[in-house]
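Peer 1: Quick paste from TrEMBL:
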type     : residues : note
ACT_SITE : ARG158   : active site
ACT_SITE : LYS182   : active site
ACT_SITE : HIS250   : active site
ACT_SITE : ARG253   : active site
ACT_SITE : HIS276   : active site
ACT_SITE : TYR285   : active site, O-(3'-phospho-DNA)-tyrosine intermediate
DOMAIN   : 11-93    : domain 'Core-binding (CB)'
DOMAIN   : 114-298  : domain 'Tyr recombinase'
REGION   : 103-123  : region 'Disordered'
Amino acid sequence: MPAATLDGMEGPWGTLTAEYRRHLETERGLSQNTIRAYQADLAGLASAARVPPDRVTLAHLRSWLADQVDSGAEPATLQRRVSCARGFFAWAHREGFIASDPATRLRAPRRPRNLPEAPTETQVGDAIASLASAAANGDPIALRDVALVELLYASGLRISEACGLGLRDVDFENSTVRVLGKGDKERTVPMGAPARRALDAWLAVRDRVAVPGSPPRLFLGARGGGLDPRVARRVVHAATAAGGASVGPHALRHAMATHLLAGGADLRSVQELLGHASVATTQRYTHVTNERLRAAFQQAHPRA
């Protein structure tokens with residue numbers, strides 16, 4: 001096989017990739033390392049597609065990339081392979097070797113985001129108990145922290161949503177909170193009795209933290225301004241560490257969803273509570289619940 005062809009490639013693929021290699025070397029001036037990486041990528045594509053270059057479709061390309069994801073390819077590797085395929089087919093189309101470019105709409109597949117480890121109900125309870133113990137002397141900031149964590153867990157709020165709450169957003173008569181979520185979408189979520197009691201205790205001392213010019217925010221920082229989300233995150237991390245989990249506020253939101261589903265709540269209701277635009281996003285939490293059920297089955301069932 002001539003040196004200019006790609007290893008293991010013959011026929012139309014070998015001929016065309018040999019021309020492309022010359023283009024990469026002479027016109028684009030790419031390094032030999034980059035060219036070798038492209039060689040390997042195109043050889044893998046040829047093997048996966050099993051059709052000549054002029055018969056490759058977008059479906060072939062997407063299937064090839066999906067296989068890479070399943071094989072654990074890193075995001076940088078996936079992006080390089082997308083760039084390689086797009087460059088190769090754009091060049092082949094421009095030079096008249098193929099009638100159309102199948103890669104114009106090719107994008108690297110999104111890797112599924114792993115959910116952070118959600119604390120158990122016991123761990124959440126221990127975290128809040130730790131905060132409540134620190135607030136037993138009536139310290140305003142400690143009482144604020146109890147209210148913050150209670151509300152994050154009770155209502156499944158994002159940290160930005162909690163820090164952005166105004167005093168008028170809390171309806172004590174109906175035990176609800178009005179939340180402005182992503183995309184400025186408003187939703188109303190319930191809060192439980194513990195969260196309501198914690199908010200009552202905080203609001204009773206809020207004036208001791210407020211200063212002239214303090215914003216009408218529900219939660220204030222130590223100097224009287226609105227509570228900074230970064231400070232709120234540190235509060236959650238410290239509290240959950242005391243409870244044995246050491247997680248951030250988003251994990252409390254995940255815990256709320258997971259515990260609701262485990263308790264029998266329906267998926268659509270949880271979707272509305274969390275403010276998800278798509279139920280598919282909420283669906284991720286069912287996998288966590290299913291894994292726990294499977295683990296319990298394996299551990300306890302006599303015929304598991």
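Glycine is no exception: its Cβ is also placed from the backbone N, Cα and C atoms.
Thinking about packing and proximity, how do these listed features fit into the structure?
Peer 2: Long-range neighbours of ARG158 (active site) (same chain, six or more residues apart, CB within less than 8 Å of its CB): GLY181, LYS182, PRO249, HIS250, ARG253.
Counted within 10 Å of its Cβ, the other Cβ atoms near LYS182 (active site) come to 11, all protein chains included.
When Cβ atoms from all protein chains are considered, those within 10 Å of HIS250 (active site) total 16, not counting its own.
ARG253 (active site) is surrounded by 24 other CB atoms, counting those within 10 A of its CB over all protein chains shown.
According to DSSP, HIS276 (active site) sits in a coil region rather than a helix or strand.
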Peer 1: For a quick check of packing: other C-beta atoms within 10 Å of the C-beta of HIS276 (active site), how many?
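Peer 2: If we count other Cβ atoms within 10 Å of HIS276 (active site), we arrive at 18.
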